[in-house]
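Quick notes on the structure that follows.
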Amino acid sequence: MSMVFLCKHVFLRLVEQEKDPGFWKEWAQRTLKNALTLQDLNKNVAKNIILFLGDGMGVPTVTAARILKGQLSGQNGEETQLEMDKFPYVALSKTYNTNAQVPDSAGTATAYLCGVKANEGTVGVSAAAVKSQCNTTRGNEVTSILKWAKDAGKSVGIVTTTRVNHATPSAAYAHCVDRDWYSDGDMPAEALQSGCKDIARQLFENIPDIDVIMGGGRRNMYPRNTPDVEYPGDKKHNGTRKDGRNLVGEWTDRMKDKRGYYVWNRKDLFSLNPSNVDYLLGLFEPADLPYELERNKETDPSLTEMVDVAIKILRKNERGFYLLVEGGRIDHGHHDGKAKHALHEAVEMDRAITRAGLLTSIYDTLTVVTADHSHVFSFGGYTHRGNSIFGLAPIMSDIDQKPFTSILYGNGPGFKFVNGARENVSTVDYEHNNYQAQAAVPLSMETHGGEDVAIFSKGPLAHLLHGVQEQHYIPHVMAYAACIGQNKNHCHTNSGSPSLSHISPTLAVLLSVKWLLC
């Protein structure tokens with residue numbers, strides 16, 4: 001039986017089922033039964049804490065990615081569940097920066113990692129710091145939950161599909177008044193003379209023993225004009241550092257006797273046995289990793305593969321771990337007006353969430369999935385059930401009598417006039433990977449959106465992420481659940497053993513026995 005025939009058979013059966021009211025009532029009762037189990041709150045201590053950050057993953061993106069996930073497996077799509085959809089608790093996060101109604105990824109990262117709202121364009125500093133003014137850095141630094149976890153003896157990791165010194169990951173370790181100071185080659189002379197450090201340097205100096213770092217950004221780690229190991233003939237990928245330092249070489253020298261390994265391709269990554277690795281630095285591209293649809297599966301690992309390796313390394317620590325995972329190129333796809341890339345990036349992050357769930361337990365691992373901000377991305381047009389998420393609306397415009405795609409942007413590079421009128425999308429391949437969906441206002445880059453974003457959570461004390469919350473509330477809940485950071489009055493420690501103040505009696509006995517046997 002062919003896959004096409006099987007999918008069509010399943011579809012037709014589903015259509016018939018949906019005509020029966022009992023189908024919907026039984027579904028609702030199953031959902032209710034599951035909901036009733038949430039009355040027994042998980043008040044265990046979070047040994048492990050994982051934050052999945054979908055950069056630019058607003059609610060419309062989540063919905064569209066859900067449909068895409070289903071359609072990739074031959075379903076209509078609307079009835080599909082993302083892995084994050086299965087999380088029992090959902091809240092909304094208010095994303096504004098202290099000086100911006102519609103935020104950027106730097107100020108928001110400071111909020112959900114450091115627990116402090118901040119100005120746009122700045123990372124790891126309070127709102128007292130002024131963007132690009134080096135002399136406002138000192139005294140305004142704020143630390144992140146990654147550092148709180150490291151100080152508590154946990155292993156910590158960063159995994160991203162962008163550069164490891166991009167806005168989201170950099171707020172975990174850096175204190176910088178300008179998110180674009182990737183290397184000293186990107187900094188003004190005045191800032192260097194005033195003693196400010198570039199973000200790549202801070203990655204290795206501020207918290208020198210981050211256990212796992214994976215993503216892109218090689219060129220910011222090497223001296224200017226140093227050829228890239230993967231693209232030696234392409235000068236745009238050469239090193240950018242003015243100070244002559246080889247940060248990768250320095251890290252390798254420091255970690256060579258600590259079971260530390262540096263890798264720059266997928267093959268080398270998978271040649272490692274996580275059981276024999278305590279520190280890992282993986283820089284797979286000179287800048288950002290490729291979009292998932294364009295990824296060279298021989299040379300670049302997927303986000304799911306990086307998460308798999310990271311957790312297998314980090315979980316060896318008996319005190320647990322903190323892991324920041326960023327699906328960073330969702331944002332880039334939207335900025336480019338290329339919704340197909342953005343949504344496939346979101347589906348790939350959902351695969352990574354699934355993998356993390358298989359490698360951990362809800363009993364001792366708090367997992368949070370959220371976004372830093374949204375985008376002016378939408379889909380509509382009264383499309384029929386099962387319509388390709390990248391397809392046309394079933395109606396023509398009653399103004400210009402032309403078709404339009406369901407997916408549209410409020411602004412961006414997809415604004416196109418042909419002979420003084422809106423482009424007729426039926427004359428182009430609107431399902432192409434690089435198709436730029438039509439936009440209402442012409443811009444070279446599409447902008448962020450200002451609406452609230454979702455917070456999905458599961459595991460110990462996940463119920464504390466509820467309602468509509470300020471974005472900076474997120475790391476405070478995660479830290480409270482893990483008994484790290486400033487608020488630990490509810491925790492009990494006995495000779496370094498796990499806190500048992502929130503743990504069920506049965507689990508407490510099991511943990512105590514395990515501790516005694518270690």
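Glycine is treated like the rest: Cβ placed from N, Cα and C.
Where the annotation comes from TrEMBL, it is an automatic prediction and has not been curated.
As written in TrEMBL, here are the features:
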ACT_SITE  Ser105  active site, phosphoserine intermediate
BINDING   Asp55, Asp331, His335, Asp372, His373, His448  Zn(2+) binding site
BINDING   Asp55, His166, Thr168, Glu326  Mg(2+) binding site
COMPBIAS  232-245  compositional bias 'Basic and acidic residues'
REGION    223-245  region 'Disordered'
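Overlay of TrEMBL feature records on the structure.
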{"residue": "Asp55", "record": "Zn(2+) binding site", "Cβ neighbours (10 Å)": "30"}
{"residue": "Ser105", "record": "active site, phosphoserine intermediate", "Cβ neighbours (10 Å)": "27"}
{"residue": "His166", "record": "Mg(2+) binding site", "Cβ neighbours (10 Å)": "28"}
{"residue": "Thr168", "record": "Mg(2+) binding site", "Cβ neighbours (10 Å)": "29"}
{"residue": "Glu326", "record": "Mg(2+) binding site", "Cβ neighbours (10 Å)": "29"}
{"residue": "Asp331", "record": "Zn(2+) binding site", "Cβ neighbours (10 Å)": "29"}
{"residue": "His335", "record": "Zn(2+) binding site", "Cβ neighbours (10 Å)": "21"}
{"residue": "Asp372", "record": "Zn(2+) binding site", "Cβ neighbours (10 Å)": "31"}
{"residue": "His373", "record": "Zn(2+) binding site", "Cβ neighbours (10 Å)": "28"}
{"residue": "His448", "record": "Zn(2+) binding site", "Cβ neighbours (10 Å)": "23"}
Message = With an 8 Å cut-off on Cβ distance to the Asp55, Asp331, His335, Asp372, His373, His448 Cβ center, who else from the chain surrounds the Zn(2+) site?
response = Gly56, Asp104, Ser105, Ile330, His334, Ala371, Ser374, His375
Ask   = the compositional bias 'Basic and acidic residues' (232-245): which same-chain residues, six or more beyond its ends, come within Cβ distance under 8 Å?
value = 182-186, 200-201, 218-226, 286-287
Ask   = In terms of Cα spacing, which of the recorded positions Asp55, Ser105, His448 are within 10 angstroms of Glu326 (Mg(2+) binding site)?
value = Asp55
Query = How does the region 'Disordered' (223-245) divide up by DSSP, counting helix, then strand, then coil residues?
reply = 3 helix, 2 strand, 18 coil
Recorded positions clustered about His373 (Zn(2+) binding site) [Cα within 10 Å; pool: Ser105, His166, Thr168] = Ser105
Note = With Thr168 (Mg(2+) binding site) as reference and a Cα-Cα limit of 10 Å, the qualifying recorded positions from Asp55, Ser105, Asp331, His335, Asp372 are Asp55, Ser105, Asp372
Inquiry  = Quick check for the class: what is the C-alpha distance, in angstrom and rounded, between His448 (Zn(2+) binding site) and His166 (Mg(2+) binding site)?
reply    = 17
Those recorded positions, out of Asp55, Ser105, Asp331, His335, Asp372, that come within 10 angstroms of His166 (Mg(2+) binding site) at the Cα = Ser105
Note = Whole-Å Cα distance, Asp372 (Zn(2+) binding site) to Ser105 (active site, phosphoserine intermediate), is 6
